[in-house]
């Protein structure tokens, strides 16, 4: 089942305002090696909203070339429906096996706008579509009822929901509520890396992961532990990454993940598209410290 | 002084997902005829965020061609700084006399991101720049302190602030607060059409008007009354449009203004870029009713 387990979202690093193809390729190559279940190229983490159509197509093609047997999904969101349709066609041509669609907005959108967007797109494409609910970037809030309307459409394969509660019972109730609202077979994936272990343990099928694109090994480990029902182990492995979760809360997951990749030599410095500035030197020092702490946590685990 | 009085924002009507050049041209031609002080092409009302670079350049050129002696300003916002710079160059080439820049966001922006965006753009352009503060679309909230930092930059000519309070004293205090924070000569313009009369009476230099692009005559009348210090008359003229203000509150100014233009035969039906749906039939009937009421209000005034 393609929409389960860990979907890793690689950054799209830029150098001098152009896609750094070598850095992107190297990021992608780590993912099948770590055993991720899928790769989502040009997701929010991959800065899709900032890239030109040509850049997006190139990035998807590179991901497909270097993903081996791992399926590649691609973000197709754009402000105008006709642009979304063009992105969908380009993504399919580039080899994307599924399409991730967020209701990107400038003018606030209504439920009917968003339903019609998904209706139009699913009527045109051949690949499965993932509903991408990310109110922190789109500023659109889905109701459970709107999930239900959209999930009835053909080709809707999965819904990426915002982080569920870190309370296990509340997370389980929320995921069951979404599951009850959508047809059987529509997978439910969580985002919000800090709460992902709880989400998977609470019954989510998938984890759509920002940090998974840059640190695939520990995120695969969390996912596998959760899938085996090893509650304590999954939560402990997630807790190892707590220094990162804390920085995510403070600076946002994208800027911190970019700093992690830069610190590890996986991306050039200031790899995000301007106007998004990289973290300042103080914050970068804290990222380096967090990575050291995580390494210690992981070594203690092995001992 | 170019950044005072009424700046009218025409819609960019689409037909079958292409700019309806005839409809746009006709909208623009009404504006100098009504005596507006400036025309802002491809503002939020002109759907700039949804248009391609080529569409934007064409629309600005058409506006300049049909504006006569009235200065034309142009929106240059985009998600990526390099795209903003390209838009700025294209807008200047097309004849725009000032550039309106909003901090459009997908990833939430920090104050430093936004300051650096304005610093970079003002260092590159030759035309004056209007700071466009529209949190309803950009989801970025300016502090007064950030206005102050940005207004120190070269070429910052005006700040378009969100609707001030409808309470005259509170509006006056707010506008004075902004004025005290920025260099002398930086004009302060209000948006939020319903509160614009109050804003002008409270000391704002300009009104950046959504409905002014479609109904220039009554908005010019409000502006002139306010400029002459005719408080009661300005407020009464604004009150004539109250049926529209109420619909703006319910459906948003863009969708209602599009319906007004469609109702008056100034734009083809469903002229907004998808996924933004036009108003439904019930709401359109209410727009038609509002226009009738406004006409009655205006006739009573004349009698």
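Each Cβ is built from the backbone N, Cα and C atoms, and glycine gets one as well.
Some features that TrEMBL has for this protein:
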{"type": "ACT_SITE", "residues": "A:132", "note": "active site, proton donor/acceptor"}
{"type": "ACT_SITE", "residues": "A:160", "note": "active site, schiff-base intermediate with substrate"}
{"type": "BINDING", "residues": "A:45", "note": "pyruvate binding site"}
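Taking the features listed in TrEMBL, we show where each one sits on the structure.
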residue: A:45; record: pyruvate binding site; DSSP (3 states): coil
residue: A:132; record: active site, proton donor/acceptor; DSSP (3 states): strand
residue: A:160; record: active site, schiff-base intermediate with substrate; DSSP (3 states): strand
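Sequence-distant contacts (6 or more apart, same chain, Cβ under 8 Å) of the residue listed as 'pyruvate binding site' comprise A:9, A:10, A:11, A:210, A:213, A:253, A:254, A:257. Separating the Cα atoms of residue A:160 (active site, schiff-base intermediate with substrate) and the residue listed as 'active site, proton donor/acceptor' is a whole-number distance of 5 Å. Close to residue A:132 (active site, proton donor/acceptor) in the fold, though at least 6 residues off in sequence, lie A:43, A:75, A:77, A:100, A:101, A:102, A:138, A:160, each with a CB less than 8 Å from its CB.
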